[in-house]
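Inspection log for the structure reproduced underneath, given as structure tokens.
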Amino acid sequence: MIILKLGGSVITRKDSEEPAIDRDNLERIASEIGNASPSSLMIVHGAGSFGHPFAGEYRIGSEIENEEDLRRRRFGFALTQNWVKKLNSHVCDALLAEGIPAVSMQPSAFIRAHAGRISHADISLIRSYLEEGMVPVVYGDVVLDSDRRLKFSVISGDQLINHFSLRLMPERVILGTDVDGVYTRNPKKHPDARLLDVIGSLDDLESLDGTLNTDVTGGMVGKIRELLLLAEKGVESEIINAAVPGNIERALLGEEVRGTRITGKH
């Protein structure tokens with residue numbers, strides 16, 4: 001079984017002031033998934049411009065200040081949930097158009113958190129869909145949080161990858177982003193940035209100048225932290241550039257693709 005993450009920065013126009021799909025990328029990636037046709041696949045996608053602006057504006061996941069703030073957060077939670085659900089519909093539409101039996105799974109309907117971390121997730125349906133040859137599609141979402149100071153949390157696609165991988169133990173985990181992997185510096189701003197072929201610990205990140213793209217789910221360093229937790233349990237992953245035509249298809253077929261592997265201590 002393969003778990004494939006599609007970054008929000010690839011399938012949406014993340015810097016857009018309004019939620020916007022990157023339709024060219026989304027349809028091409030869906031076509032590549034259809035061409036590769038892996039025997040067992042689960043897809044996790046980020047929220048991009050459909051989630052981060054709203055979660056940030058309403059400070060979902062930070063401590064609630066007073067009753068008025070709580071009322072505002074409730075609305076922000078519902079608004080964010082609605083927008084990311086719309087993105088998921090676009091993703092499933094693109095997959096279905098390629099003949100892929102994509103089944104939408106709304107995280108806020110079966111996941112709860114405590115202090116921003118997943119505390120409960122009933123994955124029995126996901127297992128059943130996989131056994132039936134379906135492709136479950138989950139996504140970064142907002143969920144209820146049992147920490148009374150927060151009440152609501154953002155659960156990133158990367159945290160979902162970590163959680164589901166530990167419980168489903170896939171053979172491979174592939175993360176498609178908008179860069180070739182993890183660099184020593186932001187490659188979009190620094191031509192001399194060097195690609196890291198392997199990361200085995202957070203010590204390997206000391207040369208990074210912060211995150212590549214800071215957002216409410218932690219940016220690139222947040223992604224790597226999640227993947228290192230996963231690697232410690234024996235599930236390695238690879239970060240590749242999903243914006244490069246053919247990369248997703250080759251990765252799903254098991255072919256070598258330029259990128260960064262996240263391993264245990266090395």
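Cβ coordinates are placed from backbone N, Cα and C, and glycine is handled just like the others.
In Swiss-Prot this protein carries:
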BINDING   5-9, GLY48, ASP178, 183-188, GLY219, LYS223  ATP binding site
BINDING   ALA47, HIS52, GLY157  substrate binding site
SITE      LYS14  site 'Transition state stabilizer'
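Swiss-Prot feature annotations superimposed on the structure.
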residue	record	DSSP (3 states)
LYS5	ATP binding site	strand
LYS14	site 'Transition state stabilizer'	coil
ALA47	substrate binding site	coil
HIS52	substrate binding site	helix
GLY157	substrate binding site	helix
ASN186	ATP binding site	coil
LYS223	ATP binding site	helix
Exercise for the section: Let me know the largest Cα to Cα distance in Å among the substrate-binding residues ALA47, HIS52, GLY157, as an integer. Expected result: 12
Fill in the blank from the handout: Expressed in Å to no decimal places, the gap between the Cα atoms of ALA47 (substrate binding site) and GLY7 (ATP binding site) is 8
Practice task
Select the closest residue to GLY157 (substrate binding site) from the following binding-site residues, measuring between CA atoms: LYS5, SER9, ASP178, THR184, LYS188.
Solution key: LYS5
Exercise for the section: Sorry to bug you, but what's the C-alpha spacing from LYS14 (site 'Transition state stabilizer') to LYS188 (ATP binding site), rounded to the closest Å? Expected result: 15
Fill in the blank from the handout: Cα-Cα, LYS5 (ATP binding site) versus LYS14 (site 'Transition state stabilizer'), nearest Å, comes out at 16
Fill in the blank from the handout: Students should find that the Cα atoms of SER9 (ATP binding site) and HIS52 (substrate binding site) sit apart, in Å rounded to an integer, by 11
Practice task
May I ask which residues of the same chain, at least 6 positions away in sequence, place their Cβ under 8 angstroms from the Cβ of GLY7 (ATP binding site)?
Solution key: HIS45, GLY46, GLY48, GLY157, LEU175, GLY176, THR177, ASP178, ALA242
Exercise for the section: Return the single residue from the binding-site residues list (ALA47, THR184) that has the minimum number of other CB atoms within 10 Å. Expected result: THR184
Problem - Of LYS14, THR184, ASN186, LYS223, i.e. the recorded positions, those within 10 Å of HIS52 (substrate binding site) when Cα atoms are compared - result: LYS14
